[in-house]
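Following: one structure in structure tokens, then a few remarks.
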Amino acid sequence: AESNKMASPGNFDREPSATRSTPDLYEHMSREDLIDRVQKLEAHVTQLRNIVLKHDGTHSGQKKQQRDFDFNKYNTRHVALKVAYLGWDYHGFVVQEDSDKTIESALFEALLKTRLIESRDTSNYHRCGRTDKGVSALGQVISIDLRTNLLTGVGVKVREGGTACSRPGDNTTEIRYVYILNKVLPPEIRVLAWAPVDPEFSARFSCKKRTYKYYFPKGNLDLQRMNEAATKLIGEHDFRNLCKMDVGNGVINFTRKILRADIVVLSQVENGYSMCELTVVGQAFLWHQIRCIVSVLFLIAQGKEDMSIVEELLNIEIDINNCNISYQYS
């Protein structure tokens, strides 16, 4: 009913017609009329503000007090969540100290709001991988302990000192994790599916392979050269020359295995804007490894570098300072 009032100006005191230009209207008004006009407008704004407050469930600055939630009445369940997101407006996936505009921040805000976790520190959380600023994902996987209705089952952990067994209500139907999370998550972040997993499962350490895709217009790129260069990446190599050093986080092993690297044309058009898909599949990746790989492949496709540069960068015995290569992250 209140929202109908907002949409219907007839519910308020009528204001003087605004069909005339505002300067002309005010120039011919006396001081008393101007004061009266201001008072009416202020009262009008107050009416609108009160309706908005009522519509939001608050009034006069008073908020409904949330009831304390007793997590001891519930067990937890180790699950895997499959998440998709459009990362264009986010500063990457992982939580950052200087920004709360990350995918992970939004996920934990939703998990806490829906009382599926008590805190991040106690949630046994692992992520499959991380994405940088502006990067999207269609199949990111995280593993985490969530509140559960069940007393037994795959992934169910009985809370020490808990009272789940004596809790009244349904203890056989699981919580609708996907539904309740998507109700509170931003529209550009969606939970696609969930699955119960063994307590030892880790989205990071149990992952068998990871897939990255780049989409770009063909333009004048030589895709044959690009594909030939990409095949040289397949296998187990030391990628220290094709990544950003992350020794501060204890990364001293730069050997990684690439399972697949190729480029295909998705749509064939005559104007040079055929869309292409570059796919790189590996067991694990280093910091900015994909960015560096794609940058080198683009230089080769543009004819600015020879295909031999890939082998030179993968050969750690060669001094890359003599390779005369300068590439920027794509």
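Yeah, the Cβs are placed from backbone N, Cα and C, and that goes for glycine too.
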From 1-26, 157-182, the residue range that TrEMBL assigns the feature region 'Disordered': 1-26
The domain 'Pseudouridine synthase I TruA alpha/beta' (229-317) - residue tally per DSSP class, helix then strand then coil: 29 helix, 23 strand, 37 coil
